[in-house]
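The transmembrane segment annotation in TrEMBL covers 52-72, 84-108, 129-158, 178-198, 210-228, 248-269, 281-306, 326-347, 385-408, 414-431, 443-463, 469-489.
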Amino acid sequence: MSEHNTAIEPDSEVVRLSTSKYLSDLDVTSADERTPSINDKEWQEPARAPHMGLLSSCNMIIGLIIGSGIFASPGPVLLTVGSVGASLCVWALGGILSMMGALCYAELGCMIQRSGGEYQYLKTSWGNCVALTFTWSNLVLTNAIGTASIAIVFAQYICNMAYYDNVKHEIPKDVPTYVVKLVAVACIWVIILFNSLARRAGSMVQNVFTFAKLLALTMIIIIGFVWLGKGNVDAFYDSFANSSTNGLSYGTAMYLALFSYNGWNNLNYGLGEVKNPKRNLPLAIVLSCALVTTLYILANIAYLAVLGTETVANSSTIAMLLGYQVWGTAGAYFFALMVVLSTFGAVNGNVWAASRVMVAAAQDGIIFPKFLAHHHKSRQAPVRALITTGIIGSLWCIPGDFTYLANIYSFTGWLWYGITIAGLIYMRFSADMKAAERPFKVWLALPIIFVILDCYLVVAPLIDAGPGGITQYIICILIGLLAVPIWFIRVYKPALGRRLLGWIPGYQDVNYVDTTEKAIVPSEKQSSED
């Protein structure tokens, strides 16, 4: 995952744009303000001089996507689908689906030019209730589960380093589960403490962690080519033998692979700075997604060439095993250290971004209390939001392992991706939005195919999980839907909210104005100018 936002450099322009997305998106405004139009310049973000060409756009997308998932997902994907050929196809399909989603998001970002990302797209297409539900789900589910899952990967690698048998030169098979979870929680709180010390403390070492991620991936691919050159190709003979015949299991495998591709949607937070977007946007998306997909497939081939099918399928610390196979103990420690640095940086990026989003979401007091928007006077850090983010992330470390968390993370993330892109299809035909200016426009079949595939990705794992496993998904859906009654009593029926919650000290109504953007058709625009 680059994992919503994983392995993102906190001091980078991209993250500044992505976390500022909620600073003006909740529209707590005075009652005398008029409903804006999507074509009104005053309701668009201030124009920035485009400065990102094709190469810069590609670099940004690649940096946002590549994360820690490639060091943890290959084994579970292979184990789920049963064969090398099927697993490589899953990785390829994950890249294609991510590319389709990124192209659809590019149209949305060029059409709706206010900061807020999915929040603004959902608000424009489906209304404020759905948009606020997304905000809630993003903070208590998607982002928090992403943080916990990456922290689990960090813990698995660091525990294997600590439990490494220096006498037998063996990597431990069974590190105690409670130890892994405690280390994961400790990782989150070390980052919380670090970010609480000063406003920019979390960004001081991020470049080092990003470098470690890219170095490890590059070395793994090079080692794979060397091993293939030595004739280690046994894993690729009859590569589709033993493939799973359960079509639903491929949806679960896609979740695990897509965890590693997450981050493609973050390009939208910098769309206004791309030169010639009609040309550069689709090119950058296609080239970047194709490159990342190629790198991921090559990394999987390298794992298989060095370790073999059985070892890869049953490994949770695959990079460490590869290092041990190539260079012995020193190699195991080296790759484990690279992954530890990479995942630590990814957790840091997630926590940093989530805390800023929580501050902005708390400023209106609809879902989160306003006191969470407080910044420490001297340190200028959102300590309360950081602590709340840490608590939610720590709680998600408890339920299960990486595979469990990655499945839930992908379920919640791709559920919202599907709803968002379904809104794109709806806006193509709605009276309010079909006349909106679209500087970049995708072929209509693309979002339709994406939504169909997304429905499969959402439904198939639910069915495949069975009566016992479906509980985890139902719990996530119920947690996400908690935002609906909150919206109902805080925004739609504030009088009911006063009756139910007025006894709480400091309770206040929210002055919330529906600012759902509507397009002005050319004839209306001309008459308004007259």
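Cβ coordinates are placed from backbone N, Cα and C, and glycine is handled just like the others.
With a cut-off of 8 Å on Cβ pairs spaced 6 or more residues apart, the transmembrane segment (129-158) and the transmembrane segment (84-108) reach fewer than 3 such pairs and are scored as not touching.
If you count C-beta pairs under 8 angstroms between the transmembrane segment (84-108) and each of 52-72, 178-198, 385-408, 443-463, the highest count goes to 443-463.
In terms of C-beta pairs under 8 Å, the stretch of 178-198, 210-228, 326-347, 414-431, 443-463 lying closest in packing to the transmembrane segment (281-306) is 210-228. The transmembrane segment (385-408) makes no contact with the transmembrane segment (210-228): fewer than 3 of their CB pairs lie within 8 A, with pairs spaced 6 or more apart in sequence.
Residues 7, 9, 63, 66-68, 70-71, 295, 298-299, 301-303, 305-306, 319, 322, 326, 335, 337-339, 341-342, 345-346 of the same chain, all 6+ positions outside the transmembrane segment (210-228), place their C-beta atoms under 8 angstroms from a C-beta of that stretch. Scored by C-beta pairs under 8 angstroms, the transmembrane segment (178-198) has its highest count with 326-347, from the stretches 326-347, 414-431, 443-463. Same-chain residues lying 6+ beyond the ends of the transmembrane segment (414-431) with a Cβ under 8 Å from its Cβ atoms: 101, 104-105, 107-108, 111, 118, 121-122, 124-126, 130, 134, 137-138, 142, 255, 258, 265, 444, 447-448, 450-451, 454-455, 457-458.
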